[in-house]
Amino acid sequence: MPKIVVVGAVAGGATCASQIRRLDKESDIIIFEKDRDMSFANCALPYVIGEVVEDRKYALAYTPEKFYDRKQITVKTYHEVIAINDERQTVTVLNRKTNEQFEESYDKLILSPGASANSLGFESDITFTLRNLEDTDAIDQFIKANQVDKVLVIGAGYVSLEVLENLYERGLHPTLIHRSDKINKLMDADMNQPILDELDKREIPYRLNEEIDAINGNEITFKSGKVEHYDMIIEGVGTHPNSKFIESSNIKLDRKGFIPVNDKFETNVPNIYAIGDIATSHYRHVDLPASVPLAWGAHRAASIVAEQIAGNDTIEFKGFLGNNIVKFFDYTFASVGVKPNELKQFDYKMVEVTQGAHANYYPGNSPLHLRVYYDTSNRQILRAAAVGKEGADKRIDVLSMAMMNQLTVDELTEFEVAYAPPYSHPKDLINMIGYKAK
């Protein structure tokens, strides 16, 4: 009976193990998870903090006991894989509760250890990061126990923006700082102005080109010379792959610690796969490498690896499109395709429209800004971005499908919109992009 070992029990690992069991009722499957919880919804965590998700239990899909009862898959939490011997096909596991170590053999090994939050490294009892449900509980308990009011949020990526919004909606008083003037880097820089407008509208303080110089209790000294007091600090300064334990093996890592994989999510070592935040692949629509540490990619990779292990060796990954979206107060920011800083590798043109998300005469209309970049050599779409109070998600998903099928910008004129006044226009914004590009 084949033995399958999975490292990591969140989006990628737990999903992959579950899909393998659906296809293969006999294999022995065991998952090692170094932290307390398995199968929690990472994307729900800011909303748990903001009490939008009313009970944290809704962010936790399974416990190890429930997972075993439903799927006959063993999950060992607080068990950290600390080394891989790919020649003997074993992993070394540390029981973090007892500090005991043991070896576990495998026939197939699936690596889905995820990533960890970066930290600025200050010694501080009021500083937190947000990466898992344990972090969420710690933040929530600290807020309640210390009657937290003023919170400093560091960083201006998706997670920091979501955390800030949820702290504000909870009734706290957040302040945002960011070390540069380039916020929300997945979006075009000039499309991010509504973020600052939303902060101004609510009189939420923010400072760009600002960093912490020192923390002394609740007193924060900044590089600008300002000294302010905060009850709590939440750092959102990026992540790094949990790949340190892989260095003991023959598995290839890139310079940032990610694992390059092929279209079957195989590593360079036989019988070892990598999925989720730790794996790097390529774009679907252009010939460039891509790392997209988001939920869709982890789930898609999990399904492909499960099919492979179950015997379907014809299924392959066709690449990422990098579709992403975030809500920040009243606005939605969405984009798909290559990142803004990757456009320079192409000879491209840009076309954009700004008009109401639905028919102008229908109540509640608001402007939607839609932008598309296309390759001048073949007129295929390289990237699209949308910002507005409604309709951004719909347009970006349509453009994602267009890019998936390598449509040209001109073919957007042929998109047949589901039109009614509350939803769109007879000639939708997507159609108008195509007409303007001609």
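Placed from the backbone N, Cα and C atoms, the Cβ positions cover glycine too.
Look at CYS43 (active site, redox-active): DSSP puts it in a helix. Residues or ranges marked as active site, redox-active by Swiss-Prot: CYS43.
Taken from Swiss-Prot, the feature active site, nucleophile applies to CYS43, supported by sequence analysis. Within 10 Å of the Cβ of CYS43 (active site, redox-active) there are 14 other Cβ atoms, across all protein chains.
Within 10 Å of the C-beta atom of ASP28 (FAD binding site) sit 14 other C-beta atoms, taking all shown protein chains into account. Marked as FAD binding site by Swiss-Prot on the basis of sequence analysis: 8-33, 267-277, TYR419.
According to Swiss-Prot, the substrate binding site annotation covers THR15, GLN19, ARG22, SER39, ASN42, LYS71, HIS299, LYS427. Other Cβ atoms within 10 Å of the Cβ of LYS427 (substrate binding site) number 15 in total over all chains. In the three-state DSSP reading, LYS427 (substrate binding site) counts as coil.
Under the heading NADP(+) binding site, Swiss-Prot lists 151-166. Around GLY155 (NADP(+) binding site), the same-chain residues at least 6 positions away in sequence with a Cβ under 8 Å from its Cβ are HIS178, GLU235, GLY236, VAL237, GLY238. Under the DSSP three-state reduction, GLY155 (NADP(+) binding site) is assigned to coil, being neither helix nor strand.
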Binding-site residues ASP28, VAL151, GLY157, LEU161, GLY276 vs SER39 (substrate binding site), shortest C-alpha separation belongs to GLY276
Among THR15, GLN19, ARG22, SER39, ASN42, LYS71, HIS299, LYS427, the record's substrate-binding residues, the widest C-alpha separation in angstrom comes to 49
Among CYS43, VAL153, GLU165, i.e. the recorded positions, the one with its Cα nearest that of GLY13 (FAD binding site) is CYS43
Here the binding-site residues are ASN42, GLY157, GLU165, LYS427, and the Cα closest to that of GLU33 (FAD binding site) is found at ASN42
Check: min Cα-Cα distance from LYS427 (substrate binding site) over binding-site residues GLY8, VAL163, GLU165, GLY276 goes to GLU165
